[in-house]
Amino acid sequence: MLEGACCQGVYAPPSVRIVYSGHACNVEEERNTERVYTIREGETLELTCLVTGHPRPQIRWTKTAGSVSDRFQDSSVFNETLHIAKIQRNQGGRYYCKAENGLGSPAIKSIRVDVYYLDDPVVTVHQSIGEAKEQFYYERTVFLRCVANSNPPVRYSWHRGRDVLSQGSDKGVEIYEPFFTQGETKILKLKNLRPKDYANYSCIASVRSVCGIPDRRVIFRLTNKTASPSIKLLVEDPIVVNPGQTVSLVCIATGGVPTPNLTWSSSSEKLPEKSVVKDGTLTLPAISSEDAGVYSCIASNNVGNPAKKSTTIVVRALKKGRFWITPDPYHNDDNIQIGREVKISCQVEATPPEELLFSWLKNGRALRSSERMVITQTDPDISPGTTNLDIIDLKFTDFGTYTCVASLRGGGIPEISIDVNISSTTVPPNLTVPRGKSPLVVREGETVELECLVSGKPKPIILWSRADKEVPMPDGSMQMESYDGVLRIVNVSREMTGSYRCQTSQYNGFNVKPREAVVELIVQYPPAVEPVWSEVRQGLNRPVAMSCRVLRAHPSRVLRYEWRLGSRLLHAGHFDTRDETEYTVRSLTREGYGEYTCDIINEAGAGRCTFLVTGKAYHPEFYYDTYSPLWQNRPRVYGFKLQWTQMNPDAVDRIMAYRLGIRQVNNIHFGNSISPFPLQKMKGELITYNLTELIRPEAYEVRLTPITRFGEGDFTIRMVTYSGDGLYPSPFFEEEPMCMFTQDKNDNFDWTRHSAATRDTKYTPNTGPSGDRAGSKQGFYMYIETSRPRKDGEKARLLSPTFNVAPKNPYGITNPPAYCFGFYYHMYGKHIGTLNAFMKQKGQATADAGPVWSLSGNQGDRWRQAKISIHPTSSFQVIFEGIRGPGIEGDIAIDDVTLEEGECPDPPNTVYLFLYRPGQCFCSHCSFL
């Protein structure tokens, strides 16, 4: 099936054009060659971006609506085909296709999508205000207004009964459009109302059948009884209730023809979820404080203005009881002293506030206002819900426990009691920081307790805030409360370094100038380095230079470094004034290939640069712009001219041959052959192989792998699909956009196909990979995006195609057969959730398939490999399930999925049965057997 080879330079910048399919009504050319694509609302929009250029350009669709540029339909943004099923009017606008391959400027084309629609018209009836009387529809002039939302602009026509009404056809009728709503409405004015004007009026809205949209009609019957609505609420205003009660609001229509439609609304815009509306009655079962507010009944019949009546629901409640002690304000002394005045204040939040009642007790006995014990209530406009007890000329006999009791008139709500002790030990607060507790030095990720000792009686609430800058506290608020003076921070981060202020609160303590103290927090963290991971490709006997640089560290001094190959120490030392260290291999040998690490170490730990030095060749780049690649000289077979260039051929040793695997789609096994490769003279040479004996009309999957003296390099895959009009390849897997993987429809959200080269500039930092498993910015991988609106515990599942159990060598494999299921995963971020891998067999529910592999939590900023032996007894699928963790820094990625016959070897001895490739699928090298 393989013939011939030739070469030429073919690298070219991208070009692009947009073609359409789907349900277009019309496509017109506008000025500057921009096209307008007209489609009916609810139909399917399908636009395809056809590109040329080599290497194969990446495609991105964007939409501009007015001045707002937005992404849309994340699952198809980076696909050559834009597919929107059941398109809606708000999805109209200008769509841009952008193609880029790193050569020259990106190629951009646009097309404007115009969505056509026509809603049912609505007729409203009004009367001239100057002529209105009690029964104003007996008056002389009536206006019928017809409105319909549409695109393109609607045309209106009026009928009375079966007669068409037009301007001038009847002296008692006038038809016009208001100046300020040209084309949007049509008003029928009935002057000097006559008996024959009491009739059925039809308004017909039409867009002249564009896109096959039929006309819409509405009928209104005008009689001598036509009247605007009036309603009555059979409830009090306000309605004061206790929590837990059921409240029914009854609204009845007392007038209006046609019969008005009754609806309810609330001041919180949305009615409570538990509310029930039936025949104008709104029922709120088990009412709570959150349900309090204004509720409105609205009656509308399109005649005159809607009628509206409102009532307020007040839910009785007492909450947030607190107190404070104020020493004698006439003396510059914060202490309570015999012979001086002292005031105790008590405050609660009460609903309704006018029902609030206060009483005072001393040592459990009722206390009444007197000359020395003055009980007052503060002006509600100054300090609502507050009562004061002024003790004049304090005596020893006044020492004791004073109790403030708050209640609501009529009962039904539990009282709030607040005890305040006045004695010789009642003293104002004092704040100090314990010795050795400031500055506090901790390591990132630890739990730290900031402490302020608070003395005094009663002990006040302590408020913690940042003293050095206006930033939120660890819980997101600007202030945190503490009752014991301790601020506990779990998983402390470097951003939390700084000064923290502890301060006494006025409440539940003395009403004196706040006491405060400051605690310094210093967070040490290991060095942050770059590159965290890098792949270095180099041929034998060539030099390799590696450099590891420190970005930031605390403490930043006394840094040392260690270079290793595997576990073998190569070089170690200390930093002087530089912020980077280098290591050079002068002449690479076979023993020099492997994983080099550089650990840069301070007191808090180590940061690591990792360099994978390999002689693997880069993947080939298939050429998709071949002219007339198909030929056919026999009825049942066809041939195809397969062309490619080699990516960065000079980076490693000379490529000696290619392994070419080809298989029919839906066939498990690849047929493999190794073809010698002529010596390349320069980058960009075009290699040609003729595929012959391809059976019509079968589609084929082609896998191409370069071979050097190091061994096999990265492979790439393309589809070859036969059609009656000739053969065409599927450059971006139009039918198989994720290598035949599919999204589970019963999960919470989807996996996303992604590459670093196309990553949004607003991506979440500190999580997710910086490239695919091979370190390429262009290669694709799949990941779960955990930013909002995703929530903790939500799941995304990715399903493989179904595989039949059909071993290549049935005599050499146990029964049931064994397969080695492998993949690379990247789980980096402090909010990482869980990655599960399942094997689901035929007839088995997903819920019954237990995970064959599972991992949770932060695994570091690097790709790691997992391999699991599985033993299916029937056809099966593999399923990846990503579970969102507690925050946005929890992106999980997968790449390089393989399925191999036999138990997982160590080291692996791979015989690929089925393979997927990056740049065209989601992975750098995905293989499925």
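Glycine too: its Cβ is placed from the backbone N, Cα and C atoms.
What TrEMBL lists as domain 'Ig-like' is 14-114 (among others).
Residues or ranges marked as domain 'Ig-like' in TrEMBL: 121-206 (among others).
The domain 'Ig-like' (229-314): residue composition by secondary structure is 3 helix, 49 strand, 34 coil, according to DSSP. Per TrEMBL, the feature domain 'Ig-like' maps to 229-314 (among others).
Per DSSP, the domain 'Ig-like' (327-423) is made up of 6 helix, 48 strand, 43 coil. Residues or ranges marked as domain 'Ig-like' in TrEMBL: 327-423 (among others).
If you look up TrEMBL, you'll see 429-520 (among others) marked as domain 'Ig-like'. Helix, strand and coil counts from DSSP across the domain 'Ig-like' (429-520) read 3 helix, 43 strand, 46 coil.
Broken down with DSSP, the domain 'Ig-like' (527-614) shows 3 helix, 58 strand, 27 coil. According to TrEMBL, the feature domain 'Ig-like' maps to 527-614 (among others).
Taken from TrEMBL, the feature domain 'MAM' covers 733-906.
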